[in-house]
Amino acid sequence: MKEILRRIESNRIVVIFAIFIITAFATFALVRNGFFTMYDDMQVARVWQMDKCFRDFQIPCRWVPDLGLGYGYPLYIYYAPLPYYIMEVIHLIGFSFIASVKTGFILSVLLSAIFFYCFSKNFFNKWVSIVTTSLYIFVPYRASSIYVRGSMGEAWGMAIVAFLFSSFENFYKHRSIKSGIIFSLAVFSFFISHNITIVMFLPIFTVWISLRLIFGRSQIKMIRNAILFFLLGLGLSSFFILPLIFERNLVHIETLTSGYFGYLQHFLNLKQIFISLNWGYGPSILGPSDDALLGIGVIHSIVAILGFMSIYIMHKKQKVNLILGTFLFTSFLAASFLTHEKSTFVWKAFKLDIFQFPWRFAMISVFSASFLAGFILKGLQKPKQVYIGLLIIITTLTLYLPFFKPKDWFYINDRQKLSGVNLKKQLTASIYDYLPNTTKRAPDNVSTENLEVIYGDVNVSKIKRGSNWFTYEVGVNSENAYVAIPTYTYPNWIVMVDNHKVDTTGYGDYGLVSFNIPSGEHFIAANLLNSFVRRVGDFFSLVSLGIVIITAVYEKLNKKDISL
């Protein structure tokens, strides 16, 4: 056993192989032609819409043209875009939309494993870090996120959280320009990864870095540099964060926290939180009849408790570990409490309805428990480390690996997924989410590309449409005409008739962009321009990107990792 540990500690290839095996076991069910059923069956459509933005040079992508039953809406102003940018790059390489989505899920697991291993390695040896990484990957919540709910955002959120913590620990250790830039990129990725994960983990991360800087006796210079690189990462994400914050009032968001998405329907009982193995593919409902396994799980519950006890038994003289471990165990308990209905008063007092599903806080519990497990092994003799580590991994795989597969599989391609009934389901799914508030209700049928003639005699001879623009060549045979473009009214939709801007209003229940046209032949061009807030966000992102590039080039030209 000592020889096994020695080989693991001395051979990087063994670690790479272990991470590859962990990822392969968790995602093997995705490596085949076709696609599977999921509750958030919008992933292919979202990548398809991102592709239309890219091919139209609408970068960053904000308005998607076909969702909302073909009327379009500002999805990527409000919906964190990172996974979809990555999947679009995969698609541009040559993968189909379906293959790009499956690859997106696989990458989320691979990066979760890599980054959590790197995070753990700052505190434990390689073998212990492999064990903690196995726990972070093989948990019912992740299996449900991918194979039942199809939550790409949560899957990537778990990966980027590990990236955020590991990059900070790397910066804390090396205190160099290179590690600072990596930390900034992690902060950037975090803020555009998944909205709920951002709000959930930002307080946890803030306390973590505060504890590290305070009890690590960091110099003022280190604290200053950490803040500067954090702000640089925040600046990189400004193109998304600023519009998200300052333009929230422009769309319907009440549907995100009402009906099925109301938090009161999704609390778990103690058995479901800590010990249930009742795996199923049903939706989340209140009560014991729920067969969606969304809790922490028995293994993670046990290792969290044992890990915390181990800190006070074997590591109590290590002040930093004691403080960090206590904080994470407290986070584990607090997050677990928030998934139970007894926490209703907290949800009401702090208006936590934005989280929608209380069981989402299991992400914090899983992160904390996986890390705390390392303290069980850290103080043991090497043979015991191997035996107990193997026991944890084998038990985890035995209980949870069967969950990592979809319920149904269909041998379907892009053409079939993005046409007919399949397409209409995706165009209507979540139709009220981020619908401009100029609309009174969602449309009943898929829109056409043609102008809607409200009154007048109008002939349309040519139509062109892009991701966020329309052009028409029309002839008005009546004295004038009143027409509407098939898209929702939203700030900064600009309509030009023969290169002259015209006034527009929202027409009908759908709030379509409508305007008057005089008699005669005309060329109409409609474009969605960026608002002041969006332009400011883009500016800060570009400036921050410039700073990153200049800093990286400066560090490279000096041919060494410059210490700060």
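Cβ atoms are placed via backbone N, Cα and C, with glycine included.
As given in TrEMBL:
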type	residues	note
TRANSMEM	12-31	transmembrane segment
TRANSMEM	76-98	transmembrane segment
TRANSMEM	105-124	transmembrane segment
TRANSMEM	144-165	transmembrane segment
TRANSMEM	177-192	transmembrane segment
TRANSMEM	198-215	transmembrane segment
TRANSMEM	227-246	transmembrane segment
TRANSMEM	292-313	transmembrane segment
TRANSMEM	320-339	transmembrane segment
TRANSMEM	359-377	transmembrane segment
TRANSMEM	386-404	transmembrane segment
TRANSMEM	536-554	transmembrane segment
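Distant neighbours of the transmembrane segment (144-165): 27, 29, 36, 38-41, 43, 79-80, 82-84, 101, 104-105, 107-109, 111-112, 115-116, 118-119, 136, 186-187, 189-190, 193-198, 201, 205, 208, 281, 292-294, 360, 363, 366-367, 403-407; these residues of the same chain sit at least 6 beyond its ends, with a Cβ under 8 Å from one of its Cβ atoms.
Long-range neighbours of the transmembrane segment (198-215) within the same chain, counting only residues 6 or more positions beyond its ends whose Cβ lies under 8 Å from a Cβ of the stretch, are 80, 157, 161, 164-165, 168-169, 172, 190-191, 222-223, 226, 319-320, 323-324, 327, 331, 354-355, 360-361, 363-364. The list of residues near the transmembrane segment (177-192) in space but at least 6 beyond its ends in sequence, with Cβ under 8 angstroms from a Cβ of it, reads 80-82, 160-161, 163-164, 166-168, 170-171, 198, 201, 225-226, 228-230, 232-234, 236-237, 240-241, 548, 551-552, 554-555, 561-562, 564. At the 8 Å Cβ threshold, with sequence separation of at least 6, the transmembrane segment (105-124) lacks contact with the transmembrane segment (386-404), having fewer than 3 such pairs.
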